[in-house]
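Some features that TrEMBL has for this protein:
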BINDING   B:Gly158, B:Val159, B:Ser160, B:Arg161, B:Ser162, B:Gly163, B:Lys164, B:Thr165  ADP binding site
Protein chains: 2
Amino acid sequence: MSESNLIRRSVFFISDGTAITAETLGHSLLAQFPNVKFDIHIKPYVDSEESALNVVLEINSTAAKEGNLPLVFDTLVNPVVREIINTAHAVNLDVFEGLISKIETELDIKATTLVGQTHAVIDSEYYKARIDAVHFALDNDDGARTRHYDQADIILIGVSRSGKTPTSIYLSLQFGIRVANYPLTEEDLDDNRLPAVLRPHKHKLFGLMIDAERLVAIRTERKANSRYASFSQCQMELRAVEGIYISEGIPFLNVSEMSIEEISTRILQMTGLKRRIG
Amino acid sequence: MSESNLIRRSVFFISDGTAITAETLGHSLLAQFPNVKFDIHIKPYVDSEESALNVVLEINSTAAKEGNLPLVFDTLVNPVVREIINTAHAVNLDVFEGLISKIETELDIKATTLVGQTHAVIDSEYYKARIDAVHFALDNDDGARTRHYDQADIILIGVSRSGKTPTSIYLSLQFGIRVANYPLTEEDLDDNRLPAVLRPHKHKLFGLMIDAERLVAIRTERKANSRYASFSQCQMELRAVEGIYISEGIPFLNVSEMSIEEISTRILQMTGLKRRIG
């Protein structure tokens, strides 16, 4: 498809808070329209009449300039602000509308319409667990320390650049899981068995696997034309780790085609670890 | 409110993917009902008739046991799976319903109903930027290295335990921002000016501030009854950093009452840095 045939459309994500919910939902929906190029405008903290009016002006001028209606996703809680946004020249995709009234009816309770219950958030045990888990993941990244492994919920293992670090970070930040990770290096693999430091924690180990082609590509970005990034080296390391996973009975996952969100979700599903979320 | 008076209700988040969108949206909505204790069940990868039927059985048995209808948030794309979930004894909060058809009508294009465009995700420049940013944040955490500061989008500064590390991680993982962070220690503060290593990058600096009471509480969890966690020490450090922020003209934010999501969003807003998202 040539550039000129590409359908383009402006999209606004509007929130009285961080806009992360509007953005997350909007992206999931827009992914269903892969042939459209969306121009994204994010508007957090639209929490006053003045800021709402400014956003309406911006939407209207976008609509006039582009000759079509922008899509507007909003997760506004304040009814006054929401009313103002609804006056814009746009396709209004009010995410909360309908859903909130259905919940109110079923529970027979009115929604608070209070914006950002932040006090409640940062004082919750879930929030603290997430922050603690992030610090834990950083302290226990890449085999830096092994003496806290008794406090880990899970220990990710795998060859260099198989995705251990970003996955550890995601699991800790998003789900409050205490994750350590340990790289299986060539020395470890020569032995064809688990390094001694991992053996007492075998029940917590989870292995990452990756296709050799993908690993070559990732390592090449880091160190092009090195032995480290060569196909033969990658293949050798991967065969060795897979052998260890199988002979030791360690659960493992091929992450070649997966985003860190997906890897993390699959790991929770396979291990039975629970998301620590409020 | 006594435990017995607390209203409880089971909630299911159902998705044919990771369920992260359903969960994010559901939490935003449920936060509007602070007096209800929600029992949360997360069901990712409900992507076949069989798995959908199993979830229906679980919802129905929950409904029967608890004597009321569970709330069901779903972001299912597959119409067959969605139909099956809709048969459950539940209050169905179909997040995509309505929104997708509105977008289809406006764009005059049918949504793909394809689940999880993962290939597209992991090969996108946005995804790569996020993963690179996570590695950058870890490599440049806590003043560990300063030689890559020219490649940073932003350098967070502040006293120990003011939230630099979790904020760096969030900004990188969620928004693909390349963040370094540098702790202002007592030695730095004695001078009443910026450490030499930061001066060439002054335009990238962003300061975190926090109330002394909150810092005492956070440091006490780490090292109770230490000088480090004492009110006088915390107050002294905070006055000194605030003095530096003001005299050097460095933008800063008091994060005492903010979650990392909110700190990160405010920083982007104040600095004009753009979220690198697909």
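Any Cβ shown, glycine's included, is placed from N, Cα and C.
Since the structure is predicted, the reported quantities are computational estimates derived from the model, not experimental observations.
Where TrEMBL records a feature, it is marked here on the structure.
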residue: B:Gly158; record: ADP binding site; contacts (Cβ under 8 Å, 6+ apart): B:Lys164, B:Asn181, B:Pro183, B:Leu184, B:Gly207, B:Leu208, B:Met209, B:Ile210, B:Val241
residue: B:Val159; record: ADP binding site; contacts (Cβ under 8 Å, 6+ apart): B:Pro183, B:Leu184, B:Ile210, B:Leu215, B:Cys234, B:Glu237, B:Leu238, B:Val241
residue: B:Ser160; record: ADP binding site; contacts (Cβ under 8 Å, 6+ apart): B:Pro183, B:Thr185, B:Arg219, B:Tyr228
residue: B:Arg161; record: ADP binding site; contacts (Cβ under 8 Å, 6+ apart): B:Leu215, B:Ile218, B:Arg219, B:Arg222
residue: B:Ser162; record: ADP binding site; contacts (Cβ under 8 Å, 6+ apart): B:Leu208, B:Met209, B:Ile210, B:Leu215, B:Val255
residue: B:Gly163; record: ADP binding site; contacts (Cβ under 8 Å, 6+ apart): B:Leu208, B:Ile210, B:Val255, B:Ile260, B:Ile263
residue: B:Thr165; record: ADP binding site; contacts (Cβ under 8 Å, 6+ apart): B:Asp141, B:Asp142, B:Asn181
Non-site residues, in chain order, whose CB comes within 8 A of the mean position of the CB atoms of B:Gly158, B:Val159, B:Ser160, B:Arg161, B:Ser162, B:Gly163, B:Lys164, B:Thr165 at ADP: B:Asn181, B:Pro183, B:Leu208, B:Ile210
Filtered B:Gly158, B:Val159, B:Ser160, B:Arg161, B:Ser162, B:Lys164 - binding-site residues with C-beta under 8 A from chain A: none
Local Cβ density at B:Lys164 (ADP binding site) - other Cβ atoms counted within 10 Å: 28
